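Chemist: Please read through the structure below; I'll follow up with questions.
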Amino acid sequence: MERRTVLITGCSQGGIGSALAEVFHQRGFHVFATARKTEKMKHLRDLDRMTLIPLDVTQESQISAAVELIQKHTGGTLDYLVNNAGDGYIIPVLDCDQLHGRQIFEVNFWGPLRMIQEFSPLLIAARGTIVNINSVASETLPLWLGIYSSSKAALLALSETLRLELKPFGVQVLSVMTGAVQTMIFQTNYRLPPDSAYMTWEKQIAAQAEGSEKASRMSATVYAERVVGDILNRQGGITYRGQMASFAYWVVALMPRFLRATPLLAQVGSQ
């Protein structure tokens, strides 16, 4: 029996991708772990069945090189593609730097699309599965995350369309709506632009950006174990994992949008 294969983007130490790589490895997979810089994956280097690949999902040449490498290794198949690499951006929409905002979409939306397009022949050959790591923010639309939430909402729409378009080829598409998870992606010394109209709320926004707000978070390892279980046992669709993810599901499913906005408005008041 041939060993199953998985490619995971964004596997820098301390993040979700790294935890996913370790859990897949424990399940007996050959893991192709990627990050912009391989030194950020040195904790994975000595594991057998673990191939580290330098990959920036915004660079088509690096994606093409990864396709060629994996084709040679597997004979032209890939069982699972996990699009995990992503960037956050906590900023009031009025203060958004548009170049930075476009870069968020390059990583969070166009990056996964590039990966899917380039690896589709390998996935179709294996009748494989595409997994897009998304966020409950794409549905709950929290304050100060307008650009990030928009990029993830676009990814969700793309995933649901792909789920239908790829079904004739036997390829499954799974979206993982992620709640709060303990990672190392937070910013430090957060500051709003000096002319921001939101200076009254800078301390509150900074706490969110720096991860110092009093919110409970699921460990990345527990999250990864549950997500890998979903990946191996589901036939595509949408799953919710991470702290408060199930709560977010029920809020979106049962609560009218105008009621969902009420607690958000309470955070900023009205003028």
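Here the Cβ of each residue, glycine as well, is placed from N, Cα and C on the backbone.
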Chemist: Of the residues Thr34, Thr77, only one is listed by Swiss-Prot in the NADP(+) site with Ile8, Lys40, Asp56, Asn84, Tyr148, Lys152, Val181, Thr183. Which is it?
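Modeler: Matched candidate out of Thr34, Thr77, per Swiss-Prot for NADP(+) with Ile8, Lys40, Asp56, Asn84, Tyr148, Lys152, Val181, Thr183: Thr34.
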Chemist: Between C-alpha atoms, which of these binding-site residues comes nearest to Tyr148 (active site, proton acceptor): Ile8, Lys40, Asn84, Thr183?
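Modeler: When the Cα distances are compared, Asn84 comes out closest.
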Chemist: Which residue among the binding-site residues Asn84, Thr183 has the fewest other Cβ atoms within 10 Å of its Cβ, if you could check?
Modeler: Thr183
Chemist: Lys40, Lys152: which of these recorded positions has the sparsest Cβ neighbourhood within 10 Å?
Modeler: Lys40
Chemist: What number of additional C-beta atoms lies within 10 angstroms of the C-beta atom of Ile8 (NADP(+) binding site)?
Modeler: 27
Chemist: Please find, for Ile8, Thr34, Lys40, Asp56, Asn84, Tyr148, Lys152, Val181, Thr183 as listed binding NADP(+), the greatest distance between any two Cα atoms, in Å.
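Modeler: Output for NADP(+) binders Ile8, Thr34, Lys40, Asp56, Asn84, Tyr148, Lys152, Val181, Thr183: max Cα distance 25 Å.
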Chemist: Using all protein chains in view, find how many other C-beta atoms are within 10 Å of the C-beta of Tyr148 (active site, proton acceptor).
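Modeler: Cβ-Cβ neighbours of Tyr148 (active site, proton acceptor) within 10 Å number 23.
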